[in-house]
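Asker: Shown below is the structure under consideration.
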Amino acid sequence: MFPQTRMRRLRYGKLKEMVRENDLTVNDLIYPFFVDETAAEKTEVSSMPGVFRWPATMAVDAAREAFDLGIPAVLIFGIPKTKDAEGSSAYGDDDVVQKAVREIKAQFGNDLIVITDLCMCEYTDHGHCGIVDFENHDVVNDLTLPVLGKIAVSHAKAGADIVAPSGMMDGMIEAIRFALDENGFENTPIMSYSSKYASVFYGPFRDAADSGFCFGDRSEYQMDPANGDEAIRETELDVMEGADMLMVKPGMPYLDIVYRIKQEFQMPLAVYQVSGEYAMIKAAAEKGWLDEKKAFYEACLSMKRAGADMIITYYAKELAEILKSGKQK
Ligand code: PBG
């Protein structure tokens, strides 16, 4: 009758902290932000309050906000002034991302890791992540690969520390690895968006990055949310092709995938708490239905528990502030 084992014994004060299995630290965080080539001033994304499109002239300021809080890495998205069918504003030496990377690296050197999102969808006028065959309404995998290689090299040339391909084309990691190596960037790591699902939770991002598509959706190259085993196969291919770091995206609805990928591949793993996850917490908090800080803290801590080593989150700065203050205890 008498409960011999009382789990509550260890749930008090300091003792509770001593037996805690997982914690968030500032070194887990990656701060994503948008650099807009045409914006004249910082503009708030309407579906993501607190998230801004930064004018190209302020890329260093955006990075500094993260740097000053001790966040080790930023992830840069570019919004170019011109778009075309081939996404050619994605790989010029003086295009939006390349310039931003150069300026940020000049400012912070090795004290801040600069990761670049490597995809075509923000740069194509049709909004798809590759070269499109309009007659068949198809994104042509193998014609896209050399373009991705070219973008990767241009990012590395500008000084990117890590490239993060997010387009879900087959063979993209190998194509990018070859292109980087051929151009003397054999030491540039690839963080692959290895299990990226065709998710409704990217909705607000498409507002932020102007990357809606003119026909269809991305479900013919991003993964079916119904599938779990497929994530293992996708990831295995990326590992064989040379990925150095892996990613699961989105985060909270896919923590089973995070767990499985970490168990299956003992490799550095990032989880992306995407725009829709951010927007949901924001919206509920604005209505007074959730304690915002506790909500994003718990969501991110749960990603660590599931197996994440790194968390890409629009809440990175707020999290860093909480961690600095020690108020999470
Ligand atoms: C580009 C890309 C997307 C996101 C990251 N990289 C959009 C998409 O695939 O549709 C989404 C990030 C977010 O929702 O926060 N391919």
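Every residue, even glycine, has its Cβ placed from backbone N, Cα and C.
Copied straight from TrEMBL:
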BINDING   Cys119, Cys121, Cys129  Zn(2+) binding site
ACT_SITE  Lys196  active site, schiff-base intermediate with substrate
BINDING   Arg206, Arg218  5-aminolevulinate 1 binding site
BINDING   Glu234  Mg(2+) binding site
ACT_SITE  Lys249  active site, schiff-base intermediate with substrate
BINDING   Ser275, Tyr314  5-aminolevulinate 2 binding site
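Burial and contacts for the listed features, if you can.
Answerer: Proximity of Cys121 (Zn(2+) binding site) to non-local residues of its own chain (separation of 6 or more, Cβ distance below 8 Å) is seen for Gly127, His128, Cys129, Gly167, Ala209, Ser211, Phe213, given in sequence order.
A C-beta separation below 8 Å, combined with a sequence spacing of at least six in one chain, links Lys196 (active site, schiff-base intermediate with substrate) to Ser166, Met168, Gln222, Met223, Met247, Lys249.
Cβ neighbours of Arg206 (5-aminolevulinate 1 binding site) (same chain, under 8 Å, six or more residues apart in sequence): Gly212. Reduced to three states, the DSSP call for Arg206 (5-aminolevulinate 1 binding site) is helix.
Applying an 8 A CB threshold to same-chain residues 6+ apart, the list for Glu234 (Mg(2+) binding site) reads Ser194, Ser195, Met223.
Secondary structure at Lys249 (active site, schiff-base intermediate with substrate), as computed by DSSP, is strand.
The Cβ of Ser275 (5-aminolevulinate 2 binding site) has Ser47, Met48, Val51, Phe201, Tyr202, Gly203, Pro204, Phe205, Ala208, Tyr314 as same-chain neighbours under 8 Å, each 6 or more residues away in sequence.
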Asker: Can you grab the distance from Cys119 (Zn(2+) binding site) over to Arg218 (5-aminolevulinate 1 binding site)? Cα atoms, rounded to a whole Å.
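Answerer: Given the Cα positions, Cys119 (Zn(2+) binding site) is 13 Å from Arg218 (5-aminolevulinate 1 binding site).
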Asker: With an 8 Å cut-off on Cβ distance to the Cys119, Cys121, Cys129 Cβ center, who else from the chain surrounds the Zn(2+) site?
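Answerer: Other same-chain residues with Cβ inside the cutoff are Met120, Glu122, Thr124, His128, Gly130, Ser166, Gly167, Ser211.
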Asker: For the recorded positions Lys196, Lys249, Ser275, Tyr314, which residues place their CB under 6 A from an atom of ligand 1?
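Answerer: From Lys196, Lys249, Ser275, Tyr314, counting a Cβ under 6 Å from ligand 1 as near, the near ones are Ser275.
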